[in-house]
Each structure stands twice: as C-alpha cells, then as structure tokens.
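Notes follow once the structure below has been shown.
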Amino acid sequence: MKISEFATFLEEIDKRSGRIEITQLLTEMFRRAQKNEVKPISYMLLGKVAPDFEGLELGLGDKMIMKAIALATGASLEKVKELYDSLGDLGLVAEKLREKRAATLLDFTTTKTQERDVVSVFNELLKIANTSGEGAQDTKIKLLAKLISELNGAEVRYVVRMASGDIRIGVADQTIIDALAAAFSANEELVERAYNITSDLGFVAEVLAISGEEGLKQIKVQPGRPLKPMLAERAQSLQEIFEKMGGKAAFEYKYDGERVQAHKYDSRVELFSRRIERITSHYPDVVEALLKGISAQSFIVEGEIVAVEPETGEMMPFQELMHRRRKYDVEEALQKYPAKTMLFDVLYVDGVDYTSKPYLERRKKLEEIVQESDSLALSTMMITQEVGEAQRFFDEAISAGCEGIMAKTLDPAVGYRAGNRGWAWIKYKRDYKSELTDTLDLVVVGGFYGRGKRAGKIGGYLLAAYNPSNGSFDTVCKVATGFSDEDLVEIPKMLEQYRIPQKHPSVNSKLNADVWYKPVVVMEIVGAELTLSPTHTAAFSKIREGSGLAVRFPRFTGRIRSDKSATEATTVDELVEMYKSQLKKVQE
Ligand code: ATP
C-alpha cells in the first residue's frame, strides 16, 4: 500500500466521528493491505512503532521536529515556530511548508522520486526510534527531515504526527480489533483475547493476516509477553458486593502501591507496570525478592509493590513509592524506601497457563510456590458470607494503611480475565470524607491562570474523562483545590512538555482554557458528587438532553497517576454508572 493511499484513509477517518463508520474504513484498509503491511499499519494507527512494553519511543519532542521541518523545507526555524503557534499542529506546519517548497521547485524538478509504501515509511520511523547513543538527536532530526522531504500533502501531516507520538485520529485499540476481525473474518472475541494476553496489537494483526483464526488460537500466555491486567468494578456498599458475588466472596486487602506483573523466564525476571511498560530497572530489590522467594523455573505473578517504613516495616503512602520511579537514584531510594511486594495472583507456572483456572485454584498455587519474607508476601485474604465480618476486615485493612478491600468471585467458571473490567473483582475503597466513594482518574487537557496569590501561574486545570467509543476526551470539571505549594510549582513544570498552542483535536470542550495540553497526564481527584451540567461534555445528552456530567467540588488528592495512560483514565461510561448508582443511593 502506497503511503498516499494510507494517508487518504487516515484523512477519511479523521472526518468521521462514528465508531461504525470508522470501523468500516479501517476494515476496508486492512483488506486492501498486503499481509506484511498489516502489522506496521496497526502500529502506525496507534502512533507507535512497537508495543509499549518494548519501550521504543517515537515521541521526538516539538523542538526536534521543528528542526527537521526547517531542514527539510528550507524554512527558517523562526518561521516554523511562528506557523506552529498559529496552526497548533506540527503535522499541518510540515504540510504547508512542503507545499510551498514544491511550488518553488516545480519548474526545476524533472524527476519524481519513487513513492514510498507503508512498510518503507514504517521502517524509517523504526530506524528513528532505534537511534540512540552519542549524536542520536542530530541523526534522528536528519532521518526525519529526509523522510519529510520525500512526502507530500496528507502523508507529511500524518508522518510528522506519528513522529511526535501523537497521530490525533482518535482510533481506540478496540476499534482496530473490530476492524481486524471483520477484515479477516475472525471471531472478535478471539482477536480480543489474543490482544489481551499479548498486549501487542501489531503482533496479533500479523498472525491473523497470515494464519487466520487458527493462528490466533495458537497464541499462548507466555512469560516475557505481558498480559493486559484484569480490572475491578466498584461498589457503593458491602451489601452490593455480596449481591453481585452470589452471597459469598473472597476479600483481600487493597494495597496502596504500584501494580506489577512479574515474569520469570531464562533465569531472569522482568517487571511490567499496570500500563504494560517495562519497569524492571526501577525495582532491582523486587526482582531479587522474586527470584529468591518463588520456587519455579518460569512464572507470571501479579502483585502490588508497596513502600515500607524501614524502621517499623509498616506500609507508607503511594507517593513515597513514586519517588522510586525517578530512574537516577534507584540505589539511594532502595535504602530510603524499601519495597515489599504483596502478591495477589498467578497466571502461569512452569508451562501451565493458569488464566483459565478459578480464583481458589490460582490462590492455592500462589501459596504453594511463594516463600514469604520481609520483602515478599501474599495479600491478606479471607472468605466470608457475612457483611459484618467483611466490614471488620475492611476496617483492619484501612488501619493497616490500605486503601480498602478487593472482593473476588469464587465462581469456579471464572478465570483471570485479562484486559477486562468486570464484576468478578470488585473494589471497595475508603470514603475520602466525601460523597463519592471512589476517586476519579482524569486527564489534564487545559490550564487556567490563577488570581491573587497565584496570579500569572497556572492555578487550575481542565480535566476530562476518556470516551473509548470515539477516542475523545470529554471534560468533567475544573479543579483548583488540593494543590500544595510544591504541586503549584512542580505540576505546571512537568506539564510544560505537553503544552500545545491550541486545543487538542481529540479534546471535546465547551470551555476555553488559558493554555492547552496534549491529553497525556492523569490526575487523581475526589469530589462531592456527580451533577448534570450544560458546560461539560462528558456523557453529553446521555442522561439529560443538553447536559453532560460534572464533578461537584473536585479536589486533587495529591497523586498524579503516572501508572495510567490517558486512555486508562476513568471513562465516560464509568461516570454514567457512578451517576446512576449515586441516584440509587439517594433513593434508598
Ligand atoms: P485504582 O485507581 O482503584 O487503583 P485501577 O483502575 O488502577 O484502580 P482497578 O482494577 O479498578 O484498578 O482496582 C484494582 C487495583 O488495585 C489494581 O490495579 C491493583 O493495582 C490494586 N490492588 C491492590 N491490592 C490488590 C489486590 N489484593 N488484588 C487486586 N488488585 C489490588
């Protein structure tokens, strides 16, 4: 497939907002592609060159891209910057400057270079991503400049956006899965499962294109290939949990730390975060504890890494653990914040896939293979059918420094549901002295300058929920409370790298922010309740015509959810669910 044809498809997709139409276009595109093109196309649709866990980043940073554009088009860097300020999109800037260049060269060019196809453009992007070491920045800029100079029109626009790691077409993973299933006549659930157990859409797409459904069935859970995490629904009361779980359930402490999926193979351990990024190098002590404490040649286990107070062995808040994430002082952090891993699941042991086995069987296996120590233990667990007992367990969990409890189904027919949020796991968290029984993880899309003491500085943020049906970020509230003096300095500084001159196209907002950000950073907030509001766009007209959902009295909890990507933020559908259960609670 020529890159121009691919770009035309992307332009068409850009014009649509309905999921069905977009899926049809993608299906048509996959049908027209050669077998070897399906993988690169899948990655490029996500603005990537590899699955997240490989850590191969394209995001070149605005400055580098501007330099490449200048180099490729002969425009001055000032001109590029000026255009960026007015157009708000480096893809458009490159496209515009290329047009000019082509026009001035028209009379002199007699030969046209051969048009690139998607595979060759993908390989160039991959080369850029793989360039490292001394002089890497310059090399990357030159490679990108060369690519830009060989492309035209929409091709340049999209390739430059890919280089910036932000393709801006708002196609969710799920939409690509649907299109792949339709294009290759495969069962959607099979494609989805393959994706959920490999976290690699390009790989799944290629297997499907080459070997069809049969190929998909051969994909197995395998150490080294992270699975998408199983996720929980939330409940308002313990009674509700027992209702959903059929009267009896297992309860575990819900630890306040960082989720980890640990894989052992070839005598080594790799750690993956909740958003499937490799975090092995941040936790050498966790790796060591797992190597020592688990008696199996190969395994995949899941747990929560918590920070402990070195003197007392007591758990410390999540923020303390986040200090560990600063890559450079791992050694120092090891002393200051020793970590303990609380294991709560096992997905694979020595050739046996445990994901289809029920909770109790997995728990038993975990008990069998783990030798507890100061740095490794199983999550505290109990099984009960009584609300009173569950309540006591919850109180204990809170006083031990946990966020609440997790209920897990004992249904023998239910296994580990990779990539699914469902009622097989239910979280029940401490009430943060507010009416909303859970925190919300919202995406920062804009900022507002403060007044008074905060004049001239960003003092509030526009926050949005994720809408997976069309890939948009729909606003829910403005938050300006809960920030410490340090937050007021550090957060705007951290957000600066995501600042863009205009509203990001995937942001759906009626409000005009003073500054706009790429939807990347996820902020945790609490609020008094959800209300209907005509100024916010989340779940717009879903509950009442002309109104969206908004958070009343939102407050920042002090936690930036760097373990979540923007597409893992609270979704619009979750808000609708929360609104409905809030209504039910009021009626009771
Ligand atoms: P939250 O913001 O509440 O942590 P989340 O969206 O990250 O939610 P959920 O699936 O909704 O994830 O809640 C479960 C999370 O709680 C897990 O991702 C995990 O990090 C954490 N956790 C702590 N203890 C446990 C446990 N015993 N079993 C499962 N998950 C646990």
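Using N, Cα and C of the backbone, Cβ positions are placed for all residues, glycine too.
Copied over from TrEMBL, here are the features:
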- Glu252, Arg259, Arg274, Glu304, Phe344, Arg421, Lys427: ATP binding site (BINDING)
- Lys254: active site, N6-AMP-lysine intermediate (ACT_SITE)
- 332-467: domain 'ATP-dependent DNA ligase family profile' (DOMAIN)
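Here the domain 'ATP-dependent DNA ligase family profile' (332-467) has a mean pLDDT of 90 out of 100.
In this structure, the C-alpha atom of Arg274 (ATP binding site) lies 15 angstrom from that of Lys254 (active site, N6-AMP-lysine intermediate). According to its DSSP assignment, Lys254 (active site, N6-AMP-lysine intermediate) is in a strand. Note: the Cα of Arg421 (ATP binding site) and the Cα of Lys254 (active site, N6-AMP-lysine intermediate) are spaced 16 Å from each other.
Counting only residues at least six positions away in the same chain, the Cβ atoms of Ala232, Glu233, Arg234, Ala235, Lys254, Gly404, Ile405, Met406, Ala407, Asp438 sit under 8 Å from the Cβ of Lys427 (ATP binding site). Sequence-distant neighbours of Glu304 (ATP binding site) (same chain, 6+ residues apart, CB-CB distance under 8 A): Tyr255, Asp256, Gly257, Glu258, Arg259, Val260, Thr341, Met342, Phe344, Ser379. Mapped onto DSSP helix, strand and coil, the domain 'ATP-dependent DNA ligase family profile' (332-467) counts 32 helix, 58 strand, 46 coil.
Other Cβ atoms within 10 Å of the Cβ of Arg259 (ATP binding site) number 17 in total over all chains.
Within the same chain, the residues at least 6 positions away from Glu252 (ATP binding site) whose Cβ sits under 8 Å from its Cβ are Phe344, Ser379, Thr380, Met381, Ile405, Met406, Lys408, listed in sequence order.
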